[in-house]
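**Q** Straight from TrEMBL, here's the annotation block:
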| type | residues | note |
| --- | --- | --- |
| TRANSMEM | B:6-24 | transmembrane segment |
| TRANSMEM | B:36-54 | transmembrane segment |
| TRANSMEM | B:60-80 | transmembrane segment |
| TRANSMEM | B:87-108 | transmembrane segment |
| TRANSMEM | B:159-180 | transmembrane segment |
| TRANSMEM | B:192-212 | transmembrane segment |
| DOMAIN | B:335-431 | domain 'Sensor histidine kinase NatK-like C-terminal' |
Amino acid sequence: MFHIAICDDEKRFIQYMKNIIYNAGLKRGEVIFYEFSSGEEFIDYLKETASFDLLILDMQLKNMDGNETAKEFRKVFPTTTLVFCSGVCMPTVRNFETIPFRYLLKGYTDERMRFEMKTIINEMINKKVEPFIIGNNHYNLVKLRPSDILYIAIAKRGSCIHICPNIIEYKFEENITSKEKIESLYNLLKDYGFAYAHNSYIVNLKYIKKVTTTELQLVDDTKLTISRSKAKNFREEFAKVLAKKY
Amino acid sequence: MELLDKFILFAGCVAEVYMVFDFYNNFFNIRKIVKSQLVIIIISILIITLLFVVNLFGKAYLNLSLFPIILWIYVTILFDTDIGTRLIYLVISISIIVGCEFIFVILLKIPSYFVKQTSFMELTDITWQVLKMKLLTYILFTILKQVSSKSKNKLSGKIFLMYLCVPIASLCILLITYYSGVDFSDNIMIKVMMLICFCFMLIGNVLMFYAFNIYEKEVYNGIQQKSIIMKKDVELKYYIQITEVNEENKRFIHNSSNYLKVIGELAKAYKIENILEIVKELNIELENNEMKIYSGTPVLNAILSAKGLWAKKQSISFDVYVEPVIHLGNVTDSDLITILGNLLDNAIRAAASCENNKSVKVRIFMQNEGNFCVIKITNRFTGKLCKTEGGFLTTKEERGIHGIGLKSVESIVKKYNGYLNCFIEDKEFQAIVFLSL
């Protein structure tokens with residue numbers, strides 16, 4: 001079952017998007033829609049919601065605009081697929097902070113809208129089937145999705161998992177460890193945008209902020225060296241992952 | 001030791017240091033701190049003097065042990081490379097130099113106790129042998145540079161063989177002169193003249209390869225300059241087009257406000273048919289505007305629409321999507337033109353050669369929270385593309401000029417801490433550029 005939220009002050013557009021979603025391949029029985037007409041209404045509802053798989057958010061909302069709403073949404077759901085839509089307003093650089101997957105223009109033709117929606121739904125489904133990795137924190141077991149992980153480094157017995165700082169759920173004082181060796185974790189995660197930057201660590205490529213020939217910087221400002229032997233392969237993998245979006 | 005002996009010894013040191021320098025220079029870059037030619041010459045003279053002084057002691061073992069150390073210091077000061085690689089190349093260089101010396105020790109039947117005592121015989125007696133030895137060393141170094149895949153200055157196979165005739169012929173002349181039994185030992189004047197002439201012959205051999213390398217570099221620079229002029233022409237055309245389009249846009253905006261006023265007046269008078277006519281006119285004008293608005297960046301729009309028109313003329317489907325929020329940071333207009341111009345030229349040319357399904361797909365978007373701008377160009381192609389270490393080999397006829405296209409894209413992209421990567425997937429060629437912003 002997919003939980004899709006649509007937040008737009010135009011009732012007609014919400015209905016239009018629902019039809020497009022059905023036309024793009026989702027069946028009536030497998031989707032639950034949540035409709036909101038303002039940012040405030042949506043944020044209030046967030047407190048009592050367990051999960052969302054997709055949010056379609058109008059950028060031009062009264063009072064609390066789309067960007068503000070998205071920021072609040074990201075605090076609770078840091079990895080859920082977010083799609084901005086807009087009539088005339090062009091998005092600004094500020095919108096990157098909320099990591100939207102697509103920007104839909106209301107003026108798109110039906111065909112174009114359907115095409116974009118198919119891609120969005122694929123992304124949503126892929127996120128839903130992401131594998132879990134079990135990590136240890138003292139005597140606790142922690143379930144981690146690939147998008148929760150910043151990078152994994154070799155540790156004494158197995159590996160040490162570093163979590164993305166934007167993920168509130170896992171704010172541990174100490175690092176999470178895994179008994180699995182880095183090679184086996186890589187085999188599990190390579191299809192989810194991970195690559196070796198060095199023999200002793202694998203990095204989630206979507207959390208890279210800056211990269212040079214010899215060094216990379218992650219979103220939490222951690223700097224890691226790219227070893228010479230891995231540089232070429234790392235660069236190719238990084239390009240492939242970046243280019244995957246379209 | 002006689003003065004002539006010392007001169008031969010000194011010339012030998014010069015030759016050895018030059019050969020080692022040339023060998024390393026062929027594979028590695030000189031350190032930035034010693035980039036000036038004067039510094040290189042001073043360091044080389046110091047090293048030559050040091051080698052010469054060590055040789056003057058005349059002790060074979062001292063020579064054998066200090067020679068590698070001095071050369072190691074020399075290459076460490078001059079060349080920017082890691083210790084392991086530097087050591088391997090030094091071992092190769094010394095093996096060639098010492099190897100050649102041993103060959104001559106064997107040929108000259110010098111007894112081993114003699115070698116233990118001193119590193120040289122009366123050099124004036126074996127002038128030719130010394131010259132032959134150095135020439136052989138030089139030939140071996142030249143062949144090694146030519147056969148190594150990592151070599152920076154390589155001649156084409158045919159030209160190398162042609163040029164190789166000269167040092168081999170020189171070596172043969174030296175050998176034949178020696179074995180023909182001509183004896184100059186009585187006539188010092190002729191002996192010195194012969195020595196000078198053979199020295200010139202040796203220097204001539206070295207200079208010949210040096211001159212050809214310089215000539216090749218000049219030719220390459222010439223081609224590059226030609227391509228830069230071509231690119232500048234293209235840029236100029238783009239700028240002219242942008243100005244024209246801006247003028248067109250201004251005129252359209254001006255007209256639109258007039259049209260709106262008229263529409264307002266007509267609406268007041270309920271003249272719906274006239275309003276419809278004006279709207280129709282406006283639509284036609286919009287359709288005729290060949291400049292498509294893909295993004296908020298005028299230069300990007302200009303390149304994409306110009307290339308789109310070119311693709312259309314060749315019946316190629318040109319599918320462009322630029323994410324609305326695209327921002328290109330500090331990327332200058334001319335750099336953007338070079339990157340997109342070259343990549344799109346390549347893509348359209350390759351797609352045009354296909355018999356059917358001619359298509360070029362362009363996607364420009366932001367990734368990783370807006371930290372990277374990605375330009376992805378996909379096109380279909382026919383024929384074979386050869387993947388080399390440096391990228392893909394062009395299938396175009398004029399290799400000299402066209403190879404520079406991707407190289408110039410690569411060098412510009414590197415300026416922005418980005419990369420150009422090329423992949424082949426499902427008979428499609430994919431060029432992916434990412435720029436770190």
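Using N, Cα and C of the backbone, Cβ positions are placed for all residues, glycine too.
Burial and contacts for the listed features, if you can.
**A** When Cβ-Cβ distances below 8 Å are used as the criterion, the transmembrane segment (B:6-24) is approached by residues 40, 44, 47-48, 51-52, 55-56, 71, 74-75, 78-79, 89, 92-93, 97, 120, 123-124, 127, 130, 134, 137-138, 141, 144-145, 195, 199, 202, 206 of the same chain, each at least six residues removed from its ends.
Sequence-distant contacts of the transmembrane segment (B:36-54) (same chain, six or more residues past either end, CB-CB distance under 8 Å): 9-10, 13-14, 16-18, 21, 30, 62-63, 66-67, 70-71, 73-74, 77-78.
When Cβ-Cβ distances below 8 Å are used as the criterion, the transmembrane segment (B:60-80) is approached by residues 17, 20-21, 24-25, 28-32, 34, 40, 43-44, 47, 50-51, 54, 86-87, 89-90, 93-94, 98, 115-119 of the same chain, each at least six residues removed from its ends.
With a threshold of 8 Å between CB atoms, the same-chain residues lying at least 6 positions outside the transmembrane segment (B:87-108) that come near it are 16, 19-20, 23-24, 27-28, 64, 67-68, 71-72, 75, 81, 115, 121, 126, 129, 132-134, 136-137, 140-141, 144.
A Cβ distance under 8 Å defines the sequence-distant neighbours of the transmembrane segment (B:159-180), meaning residues of its chain 6+ beyond its ends; these are 128-129, 131-132, 135-136, 138-139, 142-143, 146, 198, 201-202, 205, 208-209, 212.
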